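Visitor: Quick paste of what Swiss-Prot says about this protein:
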type	residues	note
BINDING	79, 238, 242	Zn(2+) binding site
ACT_SITE	265	active site, proton donor
């Protein structure tokens with residue numbers, strides 16, 4: 001059978017919090033089958049757990065948060081969640097000694113390296129996928145996102161940014177998902193923001209960890225980072241990275257075709273909740289062997305040794 005995945009060993013890293021600008025220690029721990037993805041704040045006494053759950057997601061100006069019933073939150077979970085989706089990690093406990101996951105370089109790549117360093121272990125329990133059975137679409141003004149039935153996982157994302165630094169030909173990106181494709185094509189794409197917004201937020205004591213080290217920063221005319229872009233279409237690739245993380249908030253890889261126009265964290269989450277709320281639109285599936293499994297979810301050689 002196709003088995004659930006966790007880590008082989010505990011790994012730790014440090015980074016900076018986007019909100020506070022302070023050092024954060026991140027610890028990734030293996031977890032037993034059927035645990036799911038658990039985010040844990042160890043700076044609170046007792047520690048507080050936040051299971052990945054579409055209904056717990058709140059989208060703020062700066063990041064995605066998980067919020068519990070007592071209005072306690074953990075922030076900036078989206079890029080790590082994308083890395084978990086990319087590598088198909090089903091069970092993990094993610095600890096931080098702060099209210100937020102460190103921003104690292106603004107992409108998912110540092111988290112991918114950390115997960116690969118931990119090693120990935122197959123558990124003796126069937127991996128459950130969410131398979132889309134009916135088309136589900138959500139809209140917000142001219143923005144929209146939808147899932148259609150498809151035996152695999154494809155993403156097609158279009159942005160519409162009127163900015164001199166973003167060429168009109170680099171505003172759409174489409175891909176057939178796989179762990180290899182995610183690592184090569186998506187994981188290194190960084191978040192982005194306007195210099196004036198960062199300066200304004202920092203003047204109000206917010207976004208204190210925001211810098212050229214963790215984002216693409218633009219003014220009204222150009223990219224300000226000395227090293228420029230990692231991809232010509234890095235902006236739309238990062239929006240796809242965000243979507244991959246947002247859609248994994250149900251804790252399961254999804255079998256279907258995702259298409260979006262000008263979508264963001266809030267609309268991606270609205271789509272996921274709309275799918276899950278419509279019982280006839282999806283089903284849980286497991287697979288006995290690789291021959292049945294959609295190509296999108298075959299484990300690459302770098303993942304399962």
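The backbone N, Cα and C atoms fix where each Cβ goes, and this holds for glycine too.
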Visitor: Calculate the distance in Å between the alpha carbons (Cα) of the residue listed as 'active site, proton donor' and residue 238 (Zn(2+) binding site), and round it to a whole number.
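Guide: Distance (Cα to Cα, whole Å): 12 Å.
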Visitor: Any same-chain residues 6+ apart from residue 238 (Zn(2+) binding site) with CB under 8 Å of its CB? Would you list them in sequence order, or say none?
Guide: 107, 189, 190, 191, 192, 216
Visitor: Within 10 angstroms of the C-beta of residue 265 (active site, proton donor), what count of other C-beta atoms is obtained when all protein chains are considered?
Guide: 21
Visitor: Is residue 238 (Zn(2+) binding site) helix, strand or coil when read with DSSP?
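Guide: In three-state terms, residue 238 (Zn(2+) binding site) counts as helix.
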Visitor: Might you list, by sequence position, any residue in that chain lying six or more from residue 79 (Zn(2+) binding site) with a Cβ less than 8 Å away from its Cβ?
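Guide: Listed in sequence order: 101, 103, 104, 106, 107, 108, 111, 191, 241, 242, 245.
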Visitor: Note down the number of other Cβ atoms within 10 Å of the Cβ of residue 242 (Zn(2+) binding site), including every protein chain shown.
Guide: 24
Visitor: Apart from 79, 238, 242, which residues in this chain have a Cβ no more than 8 Å from the mean position of the Cβ atoms of those residues at the Zn(2+) site?
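Guide: For the Zn(2+) site the neighbour list reads 78, 82, 106, 107, 108, 189, 190, 191, 239, 240, 241, 245.
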